[in-house]
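Presented below is the structure to which this report refers.
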Amino acid sequence: MKLCYNQATTLENSNLVKDLEYCEKNGYDYIEIRTMDKLPEYLKDHTLDELKHFFQTNHIKPLALNALVFFNNRDEAGYKEIITEFKGMMETAKALNIPYVVAVPLVTEEKILKSEIKRSCVNVLTELSEIAKPYGVKVALEFIGHPQCTVNTFGQAYEIVEAVGRDNIGLVLDCFHFHAMGSNISDLEKADISKIFILHMDDTEDFPVGFLTDEDRVWPGHGAINLDQMLSILKEKGYSGAVSVELFRPEYYQLSAEEAIKTAKDTTVEVVSKHFTLETTK
């Protein structure tokens, strides 16, 4: 299994240049590039060609653009914006040889029937599939374990991916989001493992279902999630994708970027290596 870094872990105490430097130094195989802030910030003073050259001359490679945000149940103007943004992402993915784009469902206070959520998600993801196909890019739907997210459990997300029925549409399995809204472990046991494109590794303080927020995340193995159970199921089912550590904890933003990146690796390796062989270079 290969190790990936998600830039949310140093959201407030680093930038793409530093993240790449310290991830390369600490033996990460991949990075998920944040398209809403870290990439635009980088492009103020650098070019995509410079970024491409970095990846060509170093071990670390880009795994995903993270993320196409709030893609479903939008009005006509919002829908057009999403499609335009996604087409731009395809050009970035092509330039940097990035295999995945993460797609995040709408978060809203509005009550929307699950049937309407599914219909919209299936329609948009099917269109994204068509757009992505010539680029060889896959789209990974990331359900968010929060009551206000329109797709907030593994089972709901898996049903949507199944309904789309395209090889280039799958899931992000985030351990925090799985735990946070009480996703059913039996749904994971029954899932087609080829539909899980990316594994997000994290842990959390022990708050009740429905009360957890991203800020409650802690280093893998330092919280309340039964990570061993999830990892053993993934191992048994033959998961072969990357594991990407993703934390949003404010107190970790007080650390130096290098310390956070090293600790994220060490804690992830400690948890994951009980079940998978990690191929990190350092």
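Any Cβ shown, glycine's included, is placed from N, Cα and C.
Sequence annotations record features per position, and here Swiss-Prot assigns divalent metal cation binding site to Glu142, Asp174, His200, Glu246 based on similarity to another entry.
Features as recorded by Swiss-Prot, highlighted on the structure.
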| residue | record | Cβ within 10 Å |
| --- | --- | --- |
| Glu142 | divalent metal cation binding site | 25 |
| Asp174 | divalent metal cation binding site | 25 |
| His200 | divalent metal cation binding site | 25 |
| Glu246 | divalent metal cation binding site | 26 |
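Other than Glu142, Asp174, His200, Glu246, the residues of this chain whose Cβ falls within 8 Å of the Cβ centroid of the divalent metal cation site are, in sequence order, Asn6, Val102, Val172, Leu173, Cys175, Phe176, His177, Ile198, Leu199, Asp202, Ser244.
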